[in-house]
Protein chains: 2
Amino acid sequence: MAKMNAFYAQSGGVTAVINTSACAVIETARKHKDKIGKVYAGRDGIIGALTEDLIDTSKEPASNIAGLRYTPGGAFGSCRYKLKSLEESRAQYERLIEVFKAHNIGYFFYNGGGDSADTCLKVSQLSEQMGYPIVCVHVPKTVDNDLPITDCCPGFGSVAKYVATSIREAGYDVASMAKTSTRVFVLEVMGRHAGWITAACGLASEKEGEPPHILLFPEITFDEDKFLARVEETIKNYGYCVIGVSEGLRNKDGQFLSESGMRDAFGHAQLGGVAPIIANLVRERLKLKYHWAVADYLQRAARHIASKTDVAQAYAVGKAAVELALKGKNAVMPTIVRKSNRPYKWSIGVADLKDVANREKMMPRDYITADGFHITAKCRAYLSPLIQGEDYPPYKNGLPVYTRLKNVPVPKKLKTEFEV
Amino acid sequence: MAKMNAFYAQSGGVTAVINTSACAVIETARKHKDKIGKVYAGRDGIIGALTEDLIDTSKEPASNIAGLRYTPGGAFGSCRYKLKSLEESRAQYERLIEVFKAHNIGYFFYNGGGDSADTCLKVSQLSEQMGYPIVCVHVPKTVDNDLPITDCCPGFGSVAKYVATSIREAGYDVASMAKTSTRVFVLEVMGRHAGWITAACGLASEKEGEPPHILLFPEITFDEDKFLARVEETIKNYGYCVIGVSEGLRNKDGQFLSESGMRDAFGHAQLGGVAPIIANLVRERLKLKYHWAVADYLQRAARHIASKTDVAQAYAVGKAAVELALKGKNAVMPTIVRKSNRPYKWSIGVADLKDVANREKMMPRDYITADGFHITAKCRAYLSPLIQGEDYPPYKNGLPVYTRLKNVPVPKKLKTEFEV
């Protein structure tokens, strides 16, 4: 293949380490200047490709690219913009290929979750049909940990470490206050469809009685009476109760609890926030004093407490993506392959995108205890390696030093605009 | 003074470093075994003294005590239990002295905020009147940073570092998503009466345009229209808007916004959570997509990102408290004295408790910009040194290792029970 440029874009919700993968893609491409010209990034994800708003990463000094390794969020911007089937979104796919052709782009690296794996596959297929074959490699990323085939997803390990650390710390706080003040603490975490992040909270509890005492998973229908009975039992045994709850907790009608009726003074539904609902329930029914926290973006942006394992894996998949592309592997995704648990060993594998796209990996039922309120030893054995090691960012003035890129635009070549 | 035992108790809301002060008190006392016998701690704070539920810290190995340096929360339990004036609470004060006498306690170290400084002073006064003089030293602690005389309060610097780091990180996240998704992010932080923690969020913004863009202080009456106009302007200039809001934000009627009308499906007032109210307002009035987070206990328990300066000061006041007591200084509190800003230099001073008790240090108006939405350079110069340096806890299995003490009770000597 003649020397061609590469395109890289970030997709969907960002993570503490998606930029680590970006760093790896760019640093690895820079080592192969004989084969890869420039790496262009999409400003605000795939939208940047559709609107021909490309960023020339070659204008960034090596120190800026190295800084991405430590920087949370998406350095080029990400987007929630789903390309549908080839039939429904043909104009979008054709536009992508038109832009790639205009900028001599022969490699497409798409850094995202399930939807972007699907897009990546379709770009590969259509580009072939259109006589401009592009090597398409998906770089896995999602805090939801729900991509198939890969043992885990870069981004998840760092959220997992953050929530486990945070709920452990809050547990020490609540334990101190329980005699005269707060008895129940509720931490709400992400994961609308799968309980991986909720499960990670459970890692903080290593011995009988250690918080969190109760986990509320999106996989387990919320049973108010059973839950309240467990809270009472926990208070009786330990004097306090720490609860981790998924934002995706549902009642028996399949409705999200967070949408089950909290209204403001004007009668508007209040969106988001299952933690206050659980906390209010504890107050109304058990008359216990509570506190609650909603970690929201703090959890997926918490680069200051990233998992070293996660950072290494995020870098490894970015590097592998470029190496796979250089070998002409098309419509693939590098994966994390677990070789052993203790000691934890992993390597990089390869999955065909047709096996990845549009498939979600749910949490196995046997990762949740029979009563539905905690994780099993099997779950712990799976999760524990993913939070191992610290990878602190540099600090200045007492705060982490994160990188803001120059994000210099590539001059446009096409005469047509494209509406997104 | 003959060799006597010491009593130590933790009071009010705990912090990431109150145990660091406990560690210092115990380690320093252990170095003066000629003068101080045992250090007894109050289980659940002063309640432990009233109920004669004392903990014998001499039963803890040195490694456990050293571990306190890294452990958030209150290792002996804290409480929200306010002793009032001598007239109103005379029975309590007399009981304290009765318990101290029974256990040969000659030193009283009380680790807390303004209320406990007042209690400490009264114990000193009454013990003298009752002919059993106790040397009383208050050890300052409060995330609210509102004690007078001392330049800052141990506990505050670590919360400040946590909120500034967290809002910076979330800012990187929101910036990535703003094109197609979240435009506005709201982080709620503690500080019901004074805006010190809200102000600390502002440290994350070091250059024009960097988040947080708007801070909502408890000192500044919330003006909905002015606020929304500022959000719109920020979105226009930067594409997104990050907001730090104090839990103590009030409307023009002096009412907490968090209590201004959010109701659940049953019409019950929902307590707590000004962030969702601000976020809802942005959605209703500006039709912008938002996310919000409530850090709650996570912020004051976040030992994993404690400020090294704060840890050093928390240790120093604990150590100084014992040294002051050994010199016979009574009814005093060690303080932090700022010697210079750049480089930051500090030393330990001494304040008389009569000058400390029942006085709150509010944030000066000139620490807040004229428009009321951010911090001034003067505020930054004050705050910045307090978050300098990292002091990471040890890790095991990917999580911080915190210490749980044995908390062995001291056999009771009194025949009377005391109801609290």
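Here the Cβ of each residue, glycine as well, is placed from N, Cα and C on the backbone.
Residues or ranges marked as active site, proton acceptor by TrEMBL: A:D144. Counting every protein chain shown, the number of other Cβ atoms lying within 10 Å of the Cβ of A:D144 (active site, proton acceptor) is 25.
Residue environment of A:G13 (diphosphate binding site) contains 24 other Cβ atoms, counted within 10 Å of its Cβ in all protein chains. Look at TrEMBL and you will find A:G13 tagged as diphosphate binding site.
The substrate binding site annotation in TrEMBL covers A:T142, A:V143, A:D144, A:M190, A:G191, A:R192, A:E247, A:Y297, A:L298, A:Q299, A:R300. When secondary structure is read from DSSP and collapsed to three states, A:E247 (substrate binding site) falls in the coil class.
Under the heading domain 'Phosphofructokinase', TrEMBL lists A:9-324.
According to TrEMBL, the feature site 'Important for catalytic activity' maps to A:K141. Around A:K141 (site 'Important for catalytic activity'), the same-chain residues six or more apart in sequence whose CB sits under 8 Å from its CB are A:Q10, A:S11, A:G12, A:T15, A:V17, A:I18, A:S21, A:N111, A:G112, A:G113, A:C153, A:P154, A:G155, A:A314, listed in sequence order.
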Sequence-distant neighbours of A:G191 (substrate binding site) in its chain (C-beta under 8 A, six or more apart): A:V143, A:D144, A:I197, A:T198, A:P218, A:S246, A:E247, A:G248
Chain-internal residues near A:R300 (substrate binding site), provided their CB is under 8 angstroms and they sit 6+ positions away: A:G13, A:V14, A:T15, A:A16, A:P72, A:V143, A:G155, A:S158, A:V159, A:M190
Pairwise C-alpha maximum, in angstrom, for the residues (A:T142, A:V143, A:D144, A:M190, A:G191, A:R192, A:E247, A:Y297, A:L298, A:Q299, A:R300) that bind substrate according to the record: 16
Nonlocal neighbours by CB distance (under 8 Å) for A:T142 (substrate binding site), same chain, sequence gap 6 or more: A:G12, A:G13, A:T15, A:G112, A:G113, A:G114, A:C153, A:G155, A:F156
CB within-chain contacts under 8 A for A:L298 (substrate binding site), separation at least 6: A:Y162
Proximity to chain B among recorded positions A:K141, A:T142, A:D144, A:G191, A:E247, where any Cβ pair is under 8 Å: none
